[in-house]
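Have a look at the structure below, then the notes.
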Amino acid sequence: MMKTMNDVDDINKHSFPIPSFTHKPHGCDGGAHENPVVDVSSSDIAPRHRSYGYSGSNNFLVLDGSKDTLSTESMKQLLPWTKKKMKSICSKKILYRRIPILDWLPRYNKSCVVGDFIAGITVGLTLIPQALAYHSIVGLPPEYGLYSSFIGCFIYIVFGSCKDVPFGPSAANAFLTAQAVKGRGPEHAILLAFLSGIVQLLMGFFGLGFIIDFVSGPVSSGFTSAVALIILTSQVKDILGITTSGDTFIATWESIISEIHNTNKWDAIMGFSCIFLLLVMRVIGSTKFKVEDEVKPKFYQTIFNKITWFIGTGRNAILVLICGYIGFIYCSNDKPPFRVIGNVPKGIPAFKIPSFGFEQVQNGTMKSFSFFEMVSNLGSGIIIVPLVGLLEDIAICKAFANGKPVDATQELIAIGLCNIGNSFVQGYPGTGALARSAVNNSSGVRTPLGGLYTGILVIASLLFFTPYFYYIPNAVLGAVIIAAVAFMVEVKVVKPMWRSKSIGINIISILYHAARPKLSFENLKTPDGVEYLMLTPDRSLIFPSVDYVRNLVLKHSKRQGIPVVIDCTHIYGADYSAATVIHMLTNDFTSRNQPLFFVNLKPSVYSVFEGLSPKGFVVFYNINELEEYFKKDPNNRKTKEII
């Protein structure tokens with residue numbers, strides 16, 4: 001039965017009574033919220049108190065009636081909310097955001113065609129030798145790099161939000177794929193592409209692009225530099241023409257040192273010469289003739305700048321063509337003195353569903369792999385590969401955004417679909433690559449349609465040029481990778497990182513503050529002279545922090561033995577563990593007859609606390625109501641002394 005304010009004096013004979021009444025909130029026609037255990041539900045908020053400055057939440061919703069009434073009311077509110085949500089999702093704005101081609105395609109013109117064509121072809125000439133070179137990183141035949149390089153280009157045109165992202169294999173993704181696959185064959189790599197795409201797509205649908213904000217600049221630089229050093233190490237064997245083993249950085253270098261006496265001098269000469277030439281061509285590419293009149297530059301200045309630009313951007317393709325021709329000459333006369341790629345199958349890969357289980361001959365016996373075995377074999381790579389792919393992609397988007405916001409959620413959807421597409425043409429996971437994006441941007445790309453020409457060029461190479469890939473020396477591909485990843489090692493960030501907090505310290509700091517919220521303690525008096533202790537936590541109550549908060553409250557409350565008020569102004573959330581501790585806390589106070597009150601409690605937090613029906617759970621929604629209650633006991637305003 002509902003109790004009224006007139007019943008207060010008869011409820012408890014304690015020196016400072018624990019209140020047990022409910023009151024109908026102001027402006028609510030129905031009855032007040034009833035709970036036989038929760039003692040107080042107060043009226044709506046009064047204005048901010050002129051002396052103490054506390055204010056409560058006026059968003060507390062009180063519903064009358066049974067659970068059936070609550071369900072009916074909830075359903076009545078849910079239906080229009082659902083309709084509104086679906087309408088917003090299907091709006092033109094959202095449609096254009098999730099399918100960006102609808103936004104830029106109507107504005108496409110002839111100047112865009114020229115810029116995209118030049119950029120697309122240039123990126124293609126960079127991508128093809130890189131895709132072939134990555135085979136030694138990922139541990140798959142060379143053609144799988146090309147299989148991973150065209151379908152994603154087409155899909156990104158429709159769903160990509162950044163014109164400068166050229167989707168395809170990257171050195172970091174190839175390395176992480178190799179770590180996950182561990183030499184188990186292309187079936188595992190193809191399944192990894194599919195699962196990576198699914199993970200990225202789900203992250204996009206659930207709006208988890210914000211996760212990238214938790215990766216700081218130093219962490220990203222440190223990771224990139226470490227991967228670059230490992231990749232560089234993996235290519236030393238091709239430069240020296242030796243065979244090495246080892247799955248770790250140290251083990252690989254130990255193997256290199258033990259095999260260095262078997263170095264093939266022709267591989268070494270070609271490898272180191274190619275590295276030197278690539279670095280020289282890189283410098284040439286950054287050299288420009290100073291133009292005095294930019295409006296009407298002289299003819300020779302224009303020609304010089306275009307030649308140096310072509311040498312710089314096309315250096316990989318130029319060197320691969322030259323060394324491939326040298327390999328062709330040697331192979332035509334006799335066996336070449338250096339190692340070459342060998343046969344690369346001709347034609348576009350078959351479009352088919354990735355293997356969710358397969359059979360393979362191992363040591364003369366047929367071994368079957370189920371889908372679950374394959375997933376187990378890939379392990380954490382299913383999460384790490386898509387996250388690192390997102391990291392690379394967003395880094396590109398931010399680098400060329402010119403201050404505009406980057407839609408990480410849309411990029412997740414785009415690269416997720418690209419990776420799923422890769423898996424259907426027997427490709428391994430890909431993402432945007434920073435080196436190719438720089439080429440793309442400097443080549444004058446206007447829209448994501450530049451990927452169309454890149455993809456077409458890759459398909460043309462599969463259809464017509466694979467017989468010529470046979471003659472490309474392994475040393476030149478190793479040089480291409482080394483010359484590229486060497487500049488990924490960010491030496492300049494080492495000193496600032498050393499002086500600043502590392503990722504471990506940052507994590508510890510975040511966890512510490514989550515587990516140890518600050519509590520302010522104030523001894524206050526009401527206008528009538530009632531003394532009480534005000535405790536104010538500075539953040540929400542969650543699992544790591546609740547025991548700590550409880551201990552502090554008990555410590556200070558026992559010491560003073562006066563009524564305790566917990567100001568919940570800054571508590572915006574709580575979990576089950578917090579509700580359990582509140583239940584224990586109210587029991588502690590009730591057992592020793594010491595009043596405990598909560599003020600400014602948010603409705604969402606109230607519902608969590610109420611779930612366990614804590615005994616002696618007294619809530620006031622503003623400080624004025626608390627002071628009004630204190631007036632009810634003018635004689636004994638202090639609890640019994642705690643012994």
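Even glycines carry a Cβ here, placed using N, Cα and C.
Note: TrEMBL annotation is automatic and uncurated.
As given in TrEMBL:
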| type | residues | note |
| --- | --- | --- |
| TRANSMEM | 113-132 | transmembrane segment |
| DOMAIN | 115-508 | domain 'SLC26A/SulP transporter' |
| TRANSMEM | 144-162 | transmembrane segment |
| TRANSMEM | 189-212 | transmembrane segment |
| TRANSMEM | 268-286 | transmembrane segment |
| TRANSMEM | 307-330 | transmembrane segment |
| TRANSMEM | 371-391 | transmembrane segment |
| TRANSMEM | 450-470 | transmembrane segment |
| TRANSMEM | 476-494 | transmembrane segment |
| DOMAIN | 524-610 | domain 'STAS' |
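Across 144-162, 189-212, 268-286, 307-330, the stretch most heavily in contact with the transmembrane segment (450-470), judged by Cβ pairs under 8 Å, is 144-162. No contact links the transmembrane segment (307-330) to the transmembrane segment (371-391), because fewer than 3 Cβ pairs that are 6 or more residues apart lie under 8 A. Within the same chain, the transmembrane segment (371-391) stays apart from the transmembrane segment (144-162): fewer than three Cβ pairs sit under 8 Å, each pair at least 6 residues apart. With helix defined as DSSP H, G or I and strand as E or B, the domain 'STAS' (524-610) counts 39 helix, 19 strand, 29 coil.
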